[in-house]
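Database features (Swiss-Prot):
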- Asp87, Gly107, Ser138, Asn139, Gly221, Glu222, Gln223: carbohydrate binding site (BINDING)
- Asn119: N-linked glycosylation site (CARBOHYD)
- Glu129, Asp131, Asp142, His147: Mn(2+) binding site (BINDING)
- Asp131, Phe133, Asn139, Asp142: Ca(2+) binding site (BINDING)
Amino acid sequence: SDSLSFSFINFDQDERNVIAQGDARLSGNNILQLTRTDSDGTPVRSTVGRILYSAQVRLWEKSTNRVANFQTQFSFFLESPLSNPADGIAFFIAPPDTAIPSGSAGGLLGLFSPKTAQNESANQVLAVEFDTFYAQNSNTWDPNYPHIGIDVNSIKSAKTVRWERREGVTLNVLVTYNPSTKTLDVVATYPDGQRYDLSVVVDVTTVLPEWVRVGFSAASGEQFQTHNLESWSFTSTLLYTAQKE
């Protein structure tokens, strides 16, 4: 179909439209926990979890030169007993058969293989990451502070903005893609109005196949935190764009 729209006000136990990968699971309180916790709810080391929406999304259509105009809204919060919690959560778009790469725990956020994490020609993923861990000795590709980043086929973000991780506080995020300007815009806000903006110009037809899946990924390495998705809505519609030169 030319358009797709869905909305989760929260996540109940019987969520048939979600494909869970790795350690992701629905917790009893209508929250989707992307990374593993022990029996008393404390986050653990070396965990990766992802979820995908079951239906595929038509991102573009070569035969008609149409490209999707899409918008997604989601909210999440992070919790950890540590002073330097890790690693982060990302909204991502990838080919429909996408799976967790081997060795992608920790700073690779469940999205990239260690061998090809910065080799753009080896990847097909567009992601918006919320990265809380930035040790320069290990995550050499990161800026030296917590950040929001837009990743285009690489763990080294195309654009980043400094971000404040707030323990247990919900961050609301809006991501939009405009195919006529080829702009991906991210706006993230905390309840008190603190706001973060970033955008990048990206032609999705050069990054991803015509059909994709959309979802979330999160990971922890030696340091840890919970990655809790509270709500998620997504809508996309194919639009005619100007003929390519």
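Even glycines carry a Cβ here, placed using N, Cα and C.
Residue pair Asp87 (carbohydrate binding site) / Phe133 (Ca(2+) binding site) shows a Cα separation of 5 Å. Its Cβ taken as reference, Gly107 (carbohydrate binding site) is surrounded by 24 other Cβ atoms within 10 Å in the chains shown. Considering only the recorded positions Asn119, Glu129, Asp131, Phe133, His147, Glu222 (carbohydrate binding site) has Phe133 as its nearest partner by CA-CA distance.
Minimal Cβ crowding within 10 Å, among the binding-site residues Asp87, Glu129, Asp131, Asp142, Glu222, is found at Glu222. For the recorded carbohydrate site, residues Asp87, Gly107, Ser138, Asn139, Gly221, Glu222, Gln223 set the reference point as the centre of their Cβ atoms, and the other residues of that chain within 8 Å of it by Cβ are Ala86, Gly106, Phe133, Ala135, Ser220.
Within 10 Å of the Cα of Gln223 (carbohydrate binding site), not one of the recorded positions from the list Asn119, Glu129, Asp131, Asp142, His147 places its own Cα. Secondary structure at Gly107 (carbohydrate binding site), as computed by DSSP, is helix. Cβ atoms within 8 Å of the centroid of the Cβ atoms of Asp131, Phe133, Asn139, Asp142 (the Ca(2+) site) belong to the same-chain residues Ala86, Asp87, Gly88, Gly107, Thr132, Tyr134, Ala135, Trp141, His147, site residues excluded. If you compare Cα positions, Gly221 (carbohydrate binding site) sits closest to Asp131 out of the binding-site residues Glu129, Asp131, Asp142, His147. For the pair the residue listed as 'N-linked glycosylation site' and Phe133 (Ca(2+) binding site), the C-alpha distance works out to 21 angstrom. Residue pair Asp131 (Mn(2+) binding site) / Gly107 (carbohydrate binding site) shows a Cα separation of 8 Å. Within 8 A of the CB centroid of the Mn(2+) site residues Glu129, Asp131, Asp142, His147, the other residues of that chain are Gly88, Phe130, Thr132, Phe133, Tyr134, Asn139, Pro143, Pro146, Ile148, Gly149, Ser157, Thr160, Trp163.
Between the alpha carbons (Cα) of Glu129 (Mn(2+) binding site) and Gly107 (carbohydrate binding site) lies a span of roughly 11 Å.
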